[in-house]
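Scroll down for the structure; my scribbles are underneath it.
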Amino acid sequence: CFTNGCYMICVYIANKFPQHGHYIPQRFADNRIISSKYTIWNFIPKNLFEQFRRIANFYFLIIFLVQLMIDTPTSPITSGLPLFFVITVTAIKQGYEDWLRHKADNEVNGAPVFVVRSGSLVQTRSKNIRVGDIVRVAKDETFPADLVLLSSDRAEGTCHITTTSLDGETNLKTHYSVPETAVSQSVSRLESLQAVVECQQPEADLYRYHSQSDHPNPPHTLGPENLLLRGARLKNTKEIFGVAVYTGMESKMALNYKCKSQKRSAVEKSMNTFLIIYLGILLFEAILSTILKYAWQAENKWDEPFYNQKTDQERNSSQILKFISDFLAFLVLYNFIIPISLYVTVEMQKFLGSFFIGWDLDLYHEESDQKAQVNTSDLNEELGQVEYVFTDKTGTLTENEMQFRECSINGIKYQEINGKLIPEGMTEDSPDGEELFLKAVSLCHTVQISYDQTDGPGDPFSHANGFSPQMEYYASSPDEKALVEATKRMGVTFIGTEKYKLLHVLEFDADRRRMSVILQKPSGEKVLFTKGAESAVLPYSTSGEIDKTRVHVDEFALKGLRTLVVACRHFSADEYQEVDRRLHEARTALQQREERLVEVFNFIEKDLELLGATGVEDKLQDKVQETIESLRLAGIKVWVLTGDKHETAVSVSLSCGHFHRTMNILELVKQKSDSELGLIHGLVVDGASLSLALREHEKLFMEVCKNCSAVLCCRMAPLQKAKVVRLLKTSPEKPITLAIGDGANDVSMIQEAHVGIGIMGKEGRQAVRNSDYAIARFKFLAKLLLVHGHFYYIRIATLVQYFFYKNVCFITPQFLYQFFCFVYLTLYNICFTSLPILVYSLFEQLVHPHVLQSKPALYRYRDPSAAHTAHLYWDCHTFFCFVMFGNWTFGTLVFTVMVITVTLKLALETHFWTWMNHFVTWGSIAFYFIFSLFYGGIIWPFLHTQDMYFVFVQLLSSGSAWFAIFIIVITCLFPDVIKKVFYRHLQPTSTQKSQVSVRLPPQTLQL
């Protein structure tokens, strides 16, 4: 359809398409949700492509192919087997994770639904829903597609839903059916509908929707209040019928999802940088060795000695091809400088290390019987480098449970004690206006009542003990539910609007920041009750204790309470007629309806009589304030990204310690900004203003944000949350980001951040399934980062540096002397030096975990890597080369010194010794000696040559060899010992100070 200058989607209800020849069928997406990354057919090629995009994997593939093509000093097995192992393990892990996503998708797509087809209700699967189908949804079911509400079982054609999985709000929202179809509640009447819904093209904005329905009656404008979003849940309504307008990946929920991408840690990226550097060194050594070989062979006696005669083919071969072949042979010989065993060890360390998070009892939530879980072990070390935390509010920082605490009535403050309002001071008499105030609070809302057994109508105000306990309130905001329940405890119970007839509801919006109801009293008098933020009600009040109430509201806010101001207005008969006429004209307008409604609402909500104010506490999760303070002391900035209203978000930020009372809070709301200099700043920005800032003033906005110690973004759509994370993640500083949330509205943010954490809350498992880690409560984030993250980072950083160090030590003798044994080349990284560093990377603790939690500032400390003294070792061992006779004996001495040195070097770096560290450290050295004795002491029949026969026995029988080993090892390690002692006493780091200031208990916690 082309309407009003733009293309629209024409949805024919019940798929009754026009029969004339001008109709062109439209193509719509099916109703399948796809969050997986692979299919059976593309898994192998796509996964291999992604894995070989890694520089290391591609490099080892090239080396393996070179070994297959030419005659090289080492077997292709030395590169092929480890590469195959790494590729296979990674593919299995990623395939399993994607299978879990397929499984979750199949559960959603295969869910049973009822649609109207051929004049009856037909059960089918969710994936089979088509645009235009009329879908029936029953109470407590989720909407399988974006539906326009046609009718409900309620007389007024409304229904109530919760959008917990979309925007995190657990409160009830009221939606309205199309007026022309509200009475069409039977299947036969719905099937006979002849109507078209003209919708805008699919877009991700959850709060925006414009369309119109073409019925035999005049067209009717539809808005967000008529649209039921996929993923929302039907509440307090038996059943509804709606027509599907957006399906599958075109639904608003799916458009807010981010494509699942492979995350890589900063350490892995730095490993790629190291790899490129060492690749340059490798190429230099290979080229230099090839040139030196031909320089040495320039003399005939060395070019073809009597013991190594050339064949005719070798004499006649091309010199260029010989040069290339020799270069590749040296390349293969020296390729151990870039160890594939490093990547095998890193994979094992990450996989095994991730179990410690699940085993940590401090991260176990006893009430829900949930322990921390790891979905992606590739990012363990990222937990130790986080600079920004982006957190949701509802369900993450708060329990979303409101409790009434205080109120102000006619300038007098009250507290609720044992279900009674107790005034400040000694006054016992109830002041005038208390009953009117309680009635206003219990009536000015959109609360709905659910009964297990329907009670007859009665007086809406009576004592709470006169009613069945089966009565349950469903509210459009948790504040409303808390207030209605509070008035019930005080003896004024809301049971319906039969006696006090509800005439109009003036809905809340972010601009007015208030809502109102117009009621008819039993006497016939019309009255308006209004409640809202103090800045939205007090300026329109003309009577009452305005100044005293303003003071009380400020006092409530300082206690972290959420405040609402209550007022009323009485209408004469003429005034009400004018109000009713204007409201009807505005609600039925086809153009500029929203603007006209705002104008009418402002006309009605004036000349108010102030009644009082309420103070409600939003219950925070346990230890949220302490956790945020610990993160701040650790140098981590916390941003709160929420879909909640501005006042609600600011109130929670103050109560949880995200904002401090002494902060100068800058507000970028409604496209306005304010700033001062010289103070600690906290920034508040709403979704609309954020869109403008990112579109036109991105650099300025980021500069302001970075200068603020806390940032709060409210009224955020899910995709906006992800954009904010991406904006900071891609800034020039490229900080490490972490996102934490509990609802489907947080999935995009969780996937965008470097590390995504899901809260196992009350809002389903979508955030947990799409996260890298999952915890039960926000307070566990402190230990996850400050302890586990710190340990993982130190361990993996040392592991990577140590591997490159020991392989430089390993390859240097090959470069200097060209002596090598295939067996020792293969076993050096696999057996002789592999286990000590693996055990170190699993158990090392620089500082006790309790110290890390009590001193969060240690999280920011980065232990500078000690300078490895390999070059001194090589200078020293060449001094003793004249003692030995024979190439193999000399090579064995060099190799023995090297194995002992690199093993003891790691022992010097170890702070936390366990029995396993001792076993693998001393056991590795012992295994090397035992293996060398057996390998060189026996004639092995399956070996073609055995150059090492009796070499090791001869070496150990020489006293000078033992003396050389002892002196060289001591000489190599002595500078490290001196450096450690010198720096620890003269320039100790914060970590070293913590190590000596705290006496560790005998039984230390192992992580």
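Keep in mind that glycine also has a Cβ here, set from the backbone N, Cα and C atoms.
Unlike curated entries, TrEMBL annotations are predicted automatically.
Going by TrEMBL, these are the annotated features:
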type: DOMAIN; residues: 25-79; note: domain 'P-type ATPase N-terminal'
type: TRANSMEM; residues: 52-70; note: transmembrane segment
type: DOMAIN; residues: 113-174; note: domain 'P-type ATPase A'
type: TRANSMEM; residues: 273-296; note: transmembrane segment
type: TRANSMEM; residues: 327-346; note: transmembrane segment
type: BINDING; residues: Asp392, Lys393, Thr394, Glu480, Phe508, Lys531, Arg562, Thr642, Gly643, Asp644, Arg715, Lys721, Asn745, Asp746; note: ATP binding site
type: TRANSMEM; residues: 815-843; note: transmembrane segment
type: TRANSMEM; residues: 888-908; note: transmembrane segment
type: TRANSMEM; residues: 920-943; note: transmembrane segment
type: TRANSMEM; residues: 949-974; note: transmembrane segment
Of 273-296, 327-346, 949-974, whichever stretch has the most CB pairs under 8 A to the transmembrane segment (52-70): 327-346
Task: Count the Cβ atoms, other than its own, that fall within 10 Å of the Cβ of Phe508 (ATP binding site), considering every protein chain shown.
output: 18
Message: Give the nonlocal contacts of the transmembrane segment (327-346) in its own chain as ranges (CB under 8 Å, at least six residues past its ends).
response: 56-57, 59-60, 63, 66-67, 70-74, 79, 82-83, 85-86, 271, 275, 278-279, 281-283, 285-287, 289-290, 796, 799-800, 803-804, 807-808, 810-811, 814-815, 818, 820, 825, 828-830, 834, 837-838, 841
- request: Could you break down the residues of the domain 'P-type ATPase A' (113-174) into DSSP helix, strand and coil, giving a count for each?
  value: 7 helix, 36 strand, 19 coil
Query: When the domain 'P-type ATPase N-terminal' (25-79) is classified with DSSP, how many of its residues are helical, how many are strand and how many are coil?
result: 28 helix, 0 strand, 27 coil
Field: Sparsest-packed of the listed binding-site residues (Asp392, Arg562, Asn745) - C-beta count within 10 angstroms
entry: Arg562
